[in-house]
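Features as listed in Swiss-Prot:
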{"type": "COMPBIAS", "residues": "18-34", "note": "compositional bias 'Basic and acidic residues'"}
{"type": "COMPBIAS", "residues": "53-65", "note": "compositional bias 'Basic residues'"}
{"type": "COMPBIAS", "residues": "75-85", "note": "compositional bias 'Polar residues'"}
{"type": "REGION", "residues": "1-38", "note": "region 'Disordered'"}
{"type": "REGION", "residues": "53-85", "note": "region 'Disordered'"}
{"type": "MOTIF", "residues": "11-18", "note": "motif 'Nuclear localization signal 1'"}
{"type": "MOTIF", "residues": "51-58", "note": "motif 'Nuclear localization signal 2'"}
Amino acid sequence: MPQNDYIEEHIRRHGRRLDHEERQRKRAAREVHKASAVAQKVTGLKAKMLNKKRRNEKIQMKKTLKAHEERDVKQASTSSDPNQALPTYLLDREGQKDAKALSSAVKERRKDKAARYSVPLPQVRGIAEDEAFKVIKTGKRKQKGWKRMVTKPTFVGESFTRKPPKLERFIRPMGLRYNKAHVTHPELKASFNLPIVGVKKNPQSPLYTQLGVLTKGTIIEVNVSELGMTTTTGKVVWGKYAQVTNNPENDGCVNAVLLLSS
């Protein structure tokens, strides 16, 4: 084996290739696919050794993530100097130990904002991908299967423009598109047929939210301007969140309950 550093010497003298960073980036991106292919093909003792190695890597990764999370948390410091005198107005306060310069007050405010709404359905059944999407065969020989047709009801906005058919991956049928929902006001005990403004959150996955899939437990935004709701300053409320409480694919309509801030 060579004992000298001729490679490093050449790099110092002549530099690297012009596309060195691009090649490194592509190589790093390929490593994931190579590791996946090896994990699927390997068997026997090599598979056991690989699984053990991956398990140790995941454990180490979880420990690192936990350490980062603990670094961000503000803790009360118990190691205060008892000999140090404190003013009277500071005696009832706990010493704060900042792990970061950023205050955790912003995070607490976000948590409080998220807890303002009590959701009628906190848990829903998971939907498999085979249940929500149907494979569409394309191509001259009908051998390509990269297109999917959404088999669940969806909401498509007025400003939506279809892609060219050769580039459209997800197809949302016109017969399964809904623009209005039967929204029940929990305090008034009355239902209103309100237009849907958008899909805020689908509990299944971000892809379902992006496609506007309406399943049980989905948080939608509805236009409540005709209800005459106002804010404390007297402004008319235009949009409110509501949660879908039924299975629209079975009932043929969207039923939802209005989410009111507590």
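Glycine is no exception: its Cβ is also placed from the backbone N, Cα and C atoms.
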Model confidence over the motif 'Nuclear localization signal 2' (51-58) (mean pLDDT, whole number): 94
Secondary structure content, the region 'Disordered' (1-38) (per DSSP, counts of residues): 28 helix, 0 strand, 10 coil
